[in-house]
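Everything below concerns the one structure shown next.
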Amino acid sequence: MEELYSRRYISYPDGFWDILEERRRTSDLSHALRTFNPQPYKGAPPCSSSELNRAVLESQFLRHVVKEVSAESGEPVEVVRDEASGLLEEMSQNLQLTFIRLLGFSLSKVFKRLFQKILINEEGLNRLQQAIPEHPVILMPNHRSYIDFLVLSYIMFTYDLPIPVIAAGIPLMSMKLIGEIFRRSGAFFIRRAIGDDKLYWALLSEYVRTIVRIGFAPVEFFVEGLRSRTLKSLPPKLGMMHMVLEPFLKGEVYDISLVPISISYDRVLEESLLAHELLGVPKPKETTRGLLKARKILEDDYGSMHVCFGEPLSVRGLAKGTVNRWQYNLVPRDLPAKPSEETLGFVSGVAHLVVRLQEKGMVLSPWSLIATVLLQNPLGMDLDALIQRTCWLRELVEGFGAVLHWTGQVPACEVVLSSLSRHHSVVRCEKGRVTLVEEAGASPATPEEGVFRRAAAVLMCASYRNQALHVFVRPALVATAITSPTVTDEDIFAHFQFLQDVFSNEFIFIPGTSHQDFEEGCSSLRKCGAVQVCDQQIRVTEEGKDTIFFLTAVLEPFIQTYQMVFRHLTNEPDQPFTERQYITGVRSSTLKRILSGDVQSFEALSSDVQKNVLSGLVRMGGVTKLKKGVRSEFRVDKTTIGRIADKLAGKMPPHLTIQSRL
Amino acid sequence: MASIGDGSERQRIAQQRLRVLAGHLRRLGAEERPGVAAQECRAGAGTTEPDDKPPCSVPKRRQDIMKWNGWGYADSKFFFNKKGQGEFTGKRYRLSGLILPSLKDWFEGTFGANLQHKSPAVPSLNTSAVAPPSLNEAFVEELKSTGIPFSHDTEDRVFRAHGHCLHEIFSLRDGRVGRCPDMVVWPNCHNDVVKIVELACKHSVCLIPYGGGTSVSSALECPPEETRSIVSLDTSQMNRILWIDEKNLTAHVEAGIIGQDLERLLNESGYCTGHEPDSMEFSSLGGWVATRASGMKKNIYGNIEDLVVHIKMVTPRGVIEKSCQGPRMSTGPDIHHFILGSEGTLGVVTEVTLKIRPIPEYQKYGSVVFPNFQQGVACLREVAKQRCAPASIRLMDNEQFQFGHALKPQVSSIFTSFLDGLKKFYITKFKGFDPHHLCVATLLFEGDREKVLQHEKLVYDIAAKFGGLAAGEDNGQRGYMLTFVIAYLRDLGMEYYVIGESFETSVPWDRVLDLCRNVKERIVRECKEKGVQFPPLSTCRVTQTYDAGACVYFYFAFNYRGLSDPVHVYEQVEHAAREEILANGGSLSHHHGVGKLRKEWMQETISSVGLGMLKSVKDYLDPNNIFGNRNLL
């Protein structure tokens, strides 16, 4: 994987293009009804959904699994086969051009209301256009909003590219009419929490593989698995990734092109919903009615969205020297087989790489910078100071290589003011002072309620900061390592690795590339003049102190939350708990500590971070996961947690760290 | 296939000789036990040529009739005449003397070549460029006393210093000659070989057995690191059929006999082996054994390992052979299988007892056109499943089909050309086959007439299920001809900046299509990456069917104008193609062998323990590496 990572991928120049521009000039109807004649992979013939389903059901692989399942469950083969066929019905897409046109028409209307601009990089689109006839293409967007995949299909339609077949979550399907429309626009539906339902896994994987093999349409899926509630990249899920790569590994196709796609929004439609979910208000079930109610959303201004198509990655190129394909020679390829360690490592490396490239391709909104600045000044700040700090930050992130949606000529105050007004639900600017907006309503009945209201505002703001977090995380980790009290020069890298290990559920690092990450962090700091490196020693410069302070402050909410959870767990009585019990426990103890002033960061209330701490602890051995029937329980190892906490607080030199598992 | 015979006069002489030979054999058979007869050796008595030697198609002085820097007979070659039409010279082949009007267009179109751009070979071998022999005087002295003929003439040495890999021929055309054997020795019989091997051991001389010289695995290349004197042991003079056993249908043959002679001689007594590798004009029986050769008609007769009943081999440790000729034995691992495929690393095969069959009464070619390669492979798979494969069944892909068409001779009458047009119209327009996707299976049926016709119907019925249309005998026959002239065609290409070669593999049925597609694509992409200016010819055919898989044969050639080191590029691409084959579940080789060209993959192919087993056999038989060609291991 190291080698993969070190290759340079193109950073995106200012070649973005507004696809709504033409829609505002010409008829949406004729756009929807124009001749649509995309060129598929190798001239693959169109494949109807029933043909596809038949191919899946009649595959050797499925026949085998059906027999196995039947033998295990004692049910007759026919029954299992019918069950399989039913599941496939539920799953399968039913791509129809008429519906694409219908969708094309209505989306033109909706998008024009919602967005000022939908900006795409034409260069990336051209590369995609060239890639499609060559090899099966996998579109891999990040997932920040429900409308992500609508936008993508809309772009593909607009540019005469084959409409992708999309892996979608089953909740969407249960929305009556919408579900069917999505299905006919190429979505297929996957159940959540498949667990070890063998038949379902078999169907899904054969379904996906068959589409890739035939190549009649690009496959689109969200490698992060879920919509990110925090707008931060999520650690990739590997199941679907493996299914998609298998046809190459088994030689069934010559190559596969993976296209990372970075979607970013000035303002996300679901922003307030997200914050509430994170605070423990469950997510409303997706219903058609809910969507219609969301009509009021249409009245608001959501600014621009950016869709950046990355350079297609050749799976063959990635696999070279990494995976030995001989391993598939001795077993029939269409029988189920457990993937080797080597294969799993490769799949994970590729998935992480894609997420990383999604991050790199992301176009940042100035609002992300403003949110970052505001979070470091929780009591609010003067508009002038905000503008000044934002400009300072702009220079910093551009130096770090990020692409900003900040057109050169527009004066900074205009940019800041328009962002502030677009995000009136989060911030308010009154009498030259900018503060976070807390939910309106009667004054809070209890102090707890007050905290939650405040936290909702902070988390909304934090999610926009999160969109830019990947830009900071490497230099910030280096900065934290340098400034950690007990860390000596020789130990900086070790401490950096330790921090990466602790936070590897929080931020995306490609496994096995700590050295490059460290290098990248150091070189970013050096470039902005924050540090000097001489004789292998890293020294903070006088003028760099501010930058270092800023960067450590970016990580501070996370460190606080982690320490908070560590303390909570080490203080709790020693008995197994479920995830739900854990969340409730952590939430109430966080609340207490916030009220007592013990913890300052309201982000500690985010259930997302809390869950990440738990997974991180499981990985590092601070918590053991016990399988108990369907539910898992967890047991705490207080000594290990104590040690991790001490190290994180810089109370223990890092060379005593347990071996990094990255 | 090409008919080799040239006229009834020769036939008559051969018949006469056969009677003499048969008489001789009967006499031997009547008076002595066959095994003893085999050990009789006239050469032991003196240096004169034995008087009962059958006529050999390739003489001891190969340079008299063979090309020194290309394939086959010096009198047979392709060239473009003044009108730019392709022609084939000589009188030996069906194509000889014919005009091939479509060759030029195909050649220029496929490779982007141009008849104006020539890359001629040096006109003749510059003997002064060859390093003088380094002789082991003591060995030479003792060898002289045995009376076994030998030579250190430069031409003799150069002829035995190479096989027919692209890099070998390319160097020769450039006038470059690498390390050559220091002398050539021609044993006349088994006992001569025993003496030579003894002397080689005694004087520490490196022996490299040489049969027909058709290797395409760098097997004949002299290891440059070899410091001892290298002696090429040319088996070509051990070319007699020692006896024919008509009761058991076996023949005991000296291993130096070449394919066409063996077949012709057996034919004269009404028999055949049916073993017809594409190289059979020149390759030898011993070479077949040493490389695990495969014959075109293996579906009826079997591959070489199925054909041999008994092998005698001389090794530094002594002579290895079995005590009887039982058709199958359970006596531990079959020692024949240490010899088969040993590629000259263990010793010299001197005599082989082979199964023979009566000459089939009837032979018929055929061909089937399929709408695409997938359908064709599906049909071959079905034929294999029903175990009803004809003597030969081969499926050419679209590129090769067009290649075959480029070799169509000028049609003699307007009527035939009209018929051809009609056929084409029927297939492409009426049946809707896309001329850029259709592919052809060529068939060869053998046996008694009635059965052949039945068999034919069965196969065509299966083909029809896969959309196959019978396409006539002529297409079939031309398909087989292609394999015999392909090597001559390479020489033509090399005159015009086009280089190429073939390579093969065997692969399970379910991977055939994937392997073909991926390897062909890999070749095209690697060429592009390596800076080849023109799209290469990258084509394949399925040449053999088995119960569990098939043999796939690739042709790969490209126009190298603009490249500074074309052979290196070629080798890189072939290497990549082999990697691709292996990654797609293909084998390292189906019948070409490993030689030195594919050695690097042996350990992964047979595991390090497997390699250790083979090495320990080598260590036992030949601890001093007398057979030092360094193939295989």
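Glycine residues also receive a Cβ, built from the backbone N, Cα and C atoms like all the rest.
Long-range C-beta contacts of B:Tyr553 (active site, proton donor/acceptor), restricted to its own chain and to partners at least six residues apart, with a cutoff below 8 Å, comprise B:Ser502, B:Phe503, B:Glu504, B:Cys540, B:Arg541, B:Val542, B:Thr543. For B:Tyr553, the entry in TrEMBL reads active site, proton donor/acceptor.
For B:Ser215 (FAD binding site), applying a Cβ distance below 8 Å and a minimum sequence separation of six or more within one chain yields B:Gly163, B:His164, B:Cys165, B:Gly287, B:Thr291, B:Gly593, B:Gly595. According to DSSP, B:Ser215 (FAD binding site) is assigned to coil rather than to any helix or strand. TrEMBL lists B:209-215, B:291-294, B:343-349 with the feature FAD binding site.
Less than 8 angstroms from the CB of B:Arg490 (substrate binding site) sit B:Trp71, B:Leu166, B:Ile169, B:Ile499, B:Gly500, B:Glu501, B:Ala557, each of them six or more residues away in the same chain. Taken from TrEMBL, the feature substrate binding site applies to B:Arg490.
What TrEMBL records for B:177-359 is domain 'FAD-binding PCMH-type'.
Marked as region 'Disordered' by TrEMBL: B:32-59.
Taken from TrEMBL, the feature site 'Important for enzyme activity' applies to B:Arg394. Using a 10 Å radius centred on the Cβ of B:Arg394 (site 'Important for enzyme activity') and all shown protein chains, the other Cβ atoms total 25.
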Reading the DSSP string in three states, the entry for B:Tyr553 (active site, proton donor/acceptor) is strand
Integer Å distance between the CA atoms belonging to B:Arg394 (site 'Important for enzyme activity') and B:Gly347 (FAD binding site): 35
To the nearest Å, how far is the Cα of B:Arg394 (site 'Important for enzyme activity') from the Cα of B:Ala293 (FAD binding site)? 17
Just how many other Cβ atoms lie inside 10 Å of the Cβ on B:Gly212 (FAD binding site)? 24
Listed in sequence order, the residues of the same chain lying six or more positions from B:Ala293 (FAD binding site) whose CB sits under 8 Å from its CB are B:His275, B:Pro277, B:Ser283, B:Gly287, B:Asn303, B:Ile304, B:His591
Other C-beta atoms that fall within 10 angstroms of the C-beta of B:Gly344 (FAD binding site): 28
